[in-house]
Amino acid sequence: MLSCRMVLQGLKPIMLMVLVQITFVVVNVLYKMAINDGMSMRVATAYRLIFASAFTLPVALIFDTNNNNNKPKITPRVLLLEFLCGLFGGTLFLNFYFAALALMPATFVLAILNLCPAVTFIMAITSGLEKLNLGAAAGKAKVIGTITGISGAMVLTFYKGKQIDTWSSSSSHINLLHHAHGPDYGNKFLGFSYATASCCSFALWLNIQAKLNQEFPRHHTGTALMCTMAALQSTLFALSLDRDWASQWKLAWNIRLLTVAYSGIVTSGIVVNIIAWCVHMRGPLFGSVFNPLQLVLVAIAASFLLNENLYLGSVIGGVLIVSGLYTVLWGNSRETKHKIQIHTQLSEEITRDPLQVIVMSPQKQQQNSSSNSELPSS
């Protein structure tokens, strides 16, 4: 009985991360339906972050108010970092992502987002945060993985290939869109540009978030501040371009309200905390390992529910991107293990050979000094 409980406890992070990926698949399907309904993605992003802010603020007040005197304070620097996190991790990331989703199939956009570890690695090299260590296996793996992922993105963008029939008959799928419309192939490069910009914004957010976690380790409050900053930014941006209140901003009991409420509360509110718990239990690389699962699930859901066609170029490019992703993650894990081993060895040496400090009383020091003065000089 105890062993079964331990097995279930060990499987809990895995099951939760699979559930997280399914949640993201539902979000992508809902947004495709909202786009087809004519909803502006700028307005959808603003509403999503407003719902997320309304959900995370009470959570932060409940969980982060106890023992507030012993916790880090909100300083102007923390507010600046939160503003940047909201800008890159919320406003720019989501607006670029949904702009790409409006032009391209969801499978294509998600495949590009799997380049985030490679883009983060390139940014770390150019900014001097990380050194290019080609002499080690981990350094070679990260370079090879980055090149492989970028090559996959190029194949995905510029090579279409043969159409793959995912279902045996046309009656075996459900088309949730009002009309089956494939993306304009002429917009593929623009969609790739939006998806790449979204990926770069997400990578920048990861770097800023890492600095914020060191200075302000209050997860619930940090998430609430980030969502609030992003909600203000996205709302001002959407209001400057979409001023048609009747057709865009007014929500009714339809797919638009379901999309923004589900994505804001479930995805930006609940799922963020689930991912944080899983990363705390299994490490930072654990969450990234499950990203390709979302790509596979979205490819199945898009072809079955949205009548999106799957092509050979998308499959080859997706395989290259996923291969590059796992290669970069393997290199990161090797470097992390190496750093842990060095830290452990240093700790063991300090424990084995402790530094002895001899403290002498003032009387003993005077006796030693007087005895040394009586010694004959050579």
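Each Cβ is built from the backbone N, Cα and C atoms, and glycine gets one as well.
As annotated by TrEMBL, domain 'EamA' applies to 13-155, 191-329. According to TrEMBL, the transmembrane segment annotation covers 14-34, 46-66, 78-100, 106-129, 189-208, 220-241, 253-278, 285-305, 311-331.
Taken together, the residues of the domain 'EamA' (191-329) have an average pLDDT of 80. Residues 90-91, 94, 218, 220-221, 223-224, 227-228, 230-231, 234-235, 237-239, 251, 259-261, 263-265, 267-270, 273 of the same chain lie 6+ residues outside the transmembrane segment (46-66) yet bring a C-beta within less than 8 angstroms of a C-beta in it.
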